[in-house]
Amino acid sequence: MTCATPQPDPVLLLNARRILERWRREVCLTAGRPSADLGGHLTAYSGHVIPETAFQGYNGQYKYKRVFAINIVMVRSTLLCLAETVIKQVSSSSFVQRLPPLPTPRDLLRLYKIRAHKQLSQNFLLDSRLNNKLVTKSGKVEDCYVCEVGPGPGNITRCILQNGARSVLVVEKDRRFLPSLELLADASGGRLKVILADIMDLSLENILPKELARPWTSFPPPLYIMGNLPFNISTPLIIKWLRHCSQRTGPFVHGRTQLTLTFQLEVGNRIVSMPGARDRCRLSVICQYLCHVDKLFTIPGKAFFPKPDVDVAVVKFTPRILPLIDQPFELINKVITVVFHHRQKFCRYGIENLIPKSRPDLVEEIFKKTGINPEKRSYQLEMEEWKALCDVYSQICEKNKAIRDYQYQSRKSTCPQDFEDEDIPPEDVESCLGNENQDIK
């Protein structure tokens, strides 16, 4: 004769759920994990886990325990942290702290009446799945140091913390986000530090922990830089960091620090564009000669608030051990800029502009030593050809010091410097200069 399993009383079940909720608030979520005085004893009921001490202060605690305790688990090397649903099973040596429940980024924007500033090119990514995808695609951040640029209300920051980062540094220019970031910092257990500054003016060299440093020829350090960048600083910032990468300064003083950043989709496609592609540009060559670049995924514009007119590409940069072009950054930048300035014309036209008109013999020397086909266009040149061009140009500059400072345009300050304006014909620039000169007269 079998005995029927007794069914729990609905009233007692409700009380048990209240006990569970009390534990979640007061023990698990406040401390980040069950405190040491629990001795590892957890009372499991119906797929939930309740510490025995959670029953203290309730009348009839032993009755509740007999009714609802199906088994008691002694946790040794593994901590089963279950509340409502199974969260994660981890070893005691690599516990990932769980953040307490906080207002969502969308709620924080409403709470503090924050609106995106158009002049700051602010677009907030509020989809937690996409935020988490950006973090996980960047690499294994667990027990690593992460620097986030432009955290805004802290949507990506949460995912970084929830993925187990040991320490997180966020750099935010807009002080309106300080309350929400400080709220997150208080809940992180000291793992989050907030700096109010403009990343374009901030040097990370002395801010990032020196103990993270790794030899350049070794694996990348346990340090990640990531961020959903405003569109108006994404290109200038990556150029600044690439210059630091070539000199092994700034964030790269610690080794081959990996970057994961967002760009307008068109710019992201240019960064990873290969030789021969129509969208290959100066930015493509500068990024690829210093770093391995990988477009991780595309974020649709509708996922942002407010919705931008373009989609967004997430691009990862991993510095190369040896750059593909072994010349100073400024020389490489000059060569690539001048040659790409007339990208729709034969590269001969651009290379000629590197040399004064009075020295056509040096132009012929460049083509002879590099073996470059003068009828190729700039976007068709392979990286080996760019290397040869920079090497030969450097040799010529060493013999002829004046050529290094030669600028084929008389008004350098008016040359289009933005990476998006490379298709502006020089004659249009000259016509603008002519009109400007007439106005001055």
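The backbone N, Cα and C atoms fix where each Cβ goes, glycine too.
A TrEMBL annotation is a machine prediction, not a hand-curated record.
Residue density at GLU172 (S-adenosyl-L-methionine binding site): 24 other Cβ atoms are found within 10 A of its Cβ, drawing on all protein chains shown. The S-adenosyl-L-methionine binding site annotation in TrEMBL covers ASN123, LEU125, GLY150, GLU172, ASP198, ASN228.
Summarising the annotation, TrEMBL assigns compositional bias 'Acidic residues' to 418-430.
The average pLDDT computed for the domain 'Ribosomal RNA adenine methylase transferase N-terminal' (130-321) is 94. Residues or ranges marked as domain 'Ribosomal RNA adenine methylase transferase N-terminal' by TrEMBL: 130-321.
Feature annotation from TrEMBL assigns region 'Disordered' to 410-441.
Site extent for S-adenosyl-L-methionine: among the recorded binding residues ASN123, LEU125, GLY150, GLU172, ASP198, ASN228, the largest C-alpha separation is 20 Å. All protein chains considered, the CB of ASN123 (S-adenosyl-L-methionine binding site) has 24 other CB atoms within 10 Å. Listed in sequence order, the residues of the same chain lying 6 or more apart from GLY150 (S-adenosyl-L-methionine binding site) and placing their CB within less than 8 Å of its CB are VAL171, GLU172, LYS173, ILE199, GLY227, ASN228, LEU229, PRO230.
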